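Chemist: According to Swiss-Prot:
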REGION    22-59  region 'Disordered'
COMPBIAS  22-31  compositional bias 'Low complexity'
COMPBIAS  32-42  compositional bias 'Polar residues'
ZN_FING   73-95  zinc finger
ZN_FING   115-145  zinc finger
ZN_FING   151-178  zinc finger
ZN_FING   178-201  zinc finger
BINDING   180, 182, 195, 199  Zn(2+) 2 binding site
REGION    203-253  region 'Disordered'
COMPBIAS  214-248  compositional bias 'Polar residues'
REGION    281-314  region 'Disordered'
COMPBIAS  281-293  compositional bias 'Low complexity'
COILED    340-397  coiled coil
């Protein structure tokens, strides 16, 4: 065992794994109301709840370096590493070595072990919450206390410290996620919307600030005070544009200018509103009314107390401002996802049909090739049968020619096959000449 492993015994009173006698343990004998019940070993052991580990187990505390090692158990013969002791024992059987080397060094009974986390602030650092599996404590330490993300997804750039988590993520990544314009993929709609808000906020923050509107459109007005803002000679100009360049004290301005300046200040900060001052519907001809007022009351030209300002103030949001609605965006996202899912299903179905057609085509081509081979083989067999038939006919003809008796030869010729080809005839003639020569030699001797 390595030096960085510290074996702690539960018999020590300093550890918190010791269960007091007053605590209720389902595996201890209890006496209530005069009835004594004892759970024997023949009964089925129930699973212990969290916080009550096996009192006979040994508490093992491994260092972070040991927990981050990928292969803990190493074969002495081939130096191959394994994560579990059982895998090492199975591997040792492949080496044809004596049984003594396969046995353990000591015949001491192996006790059950529980593993604690080396991080002091972790819940599993307490022996009461120790983990009973070495692989489990390794995965826990890599997930919670390790910053080394060894496996990174190529689609969403999400890193994982445990390979099993990375493989599980690859099965679902991109199938049911929400992709942003920046390239990130989210599996939850809430996280995706929050990221979209942050991205849009960053874009708005990066845009150059718009200059505040410095002009207010004032249509034809019935009062003389609204038309004499800049100079007294502009009495006949009832409609125009008032340029607001520098702020002026509000006390020396008329009431409609105070309202317009305050609204301009608020609009530049909030919603960029457009301000319009419209006359009342009763004032159909403001020029004629102002001329009559000049003739009848010339002394009231500089007296603003007798003048009345009848204005209609309409405030509307700017057309360039677009209100951001999360609900509409969610509906659009969900609709686009549904369309994308349907398109993906149709694409998968088309690909499957294409693969099936390709497979059927390959099967047909193979059957056609087999049929051609069978046809060629049949033709070869037919040619061979014809050749054998011709050979047999030639042998029969040669046998008939060897018969010396004319009577028997006539009988055989009566039932013989019709005349053969020119080659067969020449062959028969040669056989006849050879037969006659043999007969003459026999008669001569």
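Cβ atoms are placed via backbone N, Cα and C, with glycine included.
Remember, it's a predicted structure, so these values are computed and weren't measured experimentally.
Quick one: where do these features end up spatially?
Modeler: Per DSSP, the secondary structure of the zinc finger (151-178) breaks down as 10 helix, 5 strand, 13 coil.
Listed as Cβ neighbours of the zinc finger (178-201) (distance under 8 Å, sequence separation of 6 or more from its ends, same chain) are residues 155-157, 172, 324, 326, 329-330, 333, 337.
Taking all protein chains in view, 15 other C-beta atoms sit within 10 angstroms of the C-beta of residue 195 (Zn(2+) 2 binding site). Annotation note: residue 195 (Zn(2+) 2 binding site) sits in a helical segment as assigned by DSSP.
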Chemist: Where does residue 180 (Zn(2+) 2 binding site) sit by DSSP, helix, strand or coil?
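Modeler: Coil, per DSSP.
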Chemist: Can you tell me the mean pLDDT for the coiled coil (340-397)?
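Modeler: Mean per-residue confidence for the coiled coil (340-397): 92 out of 100.
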Chemist: Suppose we draw a 10 Å sphere around the Cβ of residue 182 (Zn(2+) 2 binding site). How many other Cβ atoms does it contain, all chains included?
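Modeler: Neighbour count, Cβ to Cβ under the 10 Å cut-off: 9.
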